[in-house]
Amino acid sequence: MALNPEDLGSGFRHSKVSMFINEQMAKHDKGPDFYLENLSLSWEEVEDKFKVILEDSEVSNEAREACAWGTLALGVRFAHRQGCLQGHGVQWLQDLSSLHKMSALSLSPDLKQLIHQQEMAQKEVALQLQMAQAKLEEVQRERDLLRLKILQAELRALPNAVRPAVAIPPAVVRRGGIRTQWSSTKENLAEWMAAATGRPNERANMSDTALSGTITSPEEVLEDPNGSFMKLLGVMKCKNYPLKRQRLDLRPKKASMCSFSQSLNLRSTVSSEPFIVQLPASFTYSYESPFPAIPTTSQLPTTERQPHVYPYSMASDISHLSDMRIHRGDHQELPKDKRFSAFRRPGDWDCPWCKAVNFSRRENCFHCGKGIWLQNP
């Protein structure tokens, strides 16, 4: 019997089917032999051999039928074997997939731990960077403070000989407390001139060249009471610094005398000569005078000039002038009959609160900032 019914690899599940195929192959001796010889071959090779038998005319029909049943049994056997192989392959793939899943599940905690460690490291680095930036800012602030202290120490270390002095009239010198305020006035004037030129490191040289021989101390003024106040301060050639709301035609074309006699805080009778200061040629910063211009005696055509913003810090300049007791607010200490009426124009008004003189075109007081409209309820 060529086909064993108990053989599970034959591909037949029922024994009757196996027995019937064996009977059909047994009708000719070549049938069982064809089945047993080709068990180890592939289906392509078996098909090629059966084709040769069919083409051979010497083979009888019974032999052909027996070989055909053997070929059928071999085909079923090959199909069953191929199915088993595919089933084993699928099972292997399933096992491999489950193995990969188990590996992924086992590696997931490790991956999470690594991600957490990386995030912690990034946060630590960011914190260190922030701390470094904070330390850098603190060091920069300390550096700036040290520079400021060094600059202040250098300014304090300058000798008194290079600090400028301002001469005032004997009548002002005789006022109470003027000698105690004179040292601060000299230092403020020197710092003002140094800041205006933009060269604070050259304050000593500028003070020597600008004020040597032209500005004297109050003691020298007292020793020579007959001397002129103009001669002590010298003559300054103005470089046509622009004045706020000043008429263009009223500006002198040549070097003029800059008068500060209206804003001097003089409680006693002073000379009618103007307050004149001589500055060096290097003193070229743009400064706008806060005092009104002196009108000339000749009638010139009036042309209004548009107001403009101060190009320099007027707050610091006025503060220095106030330290030197050169401020418009000091006019309130003078009697009305002793004010210089030559500096008033038709329409100028006095502030009812601070008594400062303002131009007719101003609506608010330049000194206290209150409006003229507050006078009328």
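The backbone N, Cα and C atoms fix where each Cβ goes, glycine too.
The region 'Required for repression of transcription' annotation in Swiss-Prot covers 92-377 and is backed by experimental evidence. Annotated coiled coil per Swiss-Prot: 122-156, in sequence order. Swiss-Prot lists 142-165 with the feature repeat 'LRR'. The zinc finger annotation in Swiss-Prot covers 345-369 and rests on sequence analysis. The Zn(2+) binding site feature in Swiss-Prot is assigned to Cys351, Cys354, Cys365, Cys368.
The number of other CB atoms found within 10 A of the CB of Cys354 (Zn(2+) binding site), across every protein chain shown, is 17. Averaged over the region 'Required for repression of transcription' (92-377), the predicted model reaches a pLDDT of 60.
Of the listed binding-site residues, namely Cys365, Cys368, the sparsest CB environment within 10 A is found at Cys368. With DSSP states grouped into helix (H, G, I), strand (E, B) and coil, the zinc finger (345-369) comes out at 0 helix, 5 strand, 20 coil.
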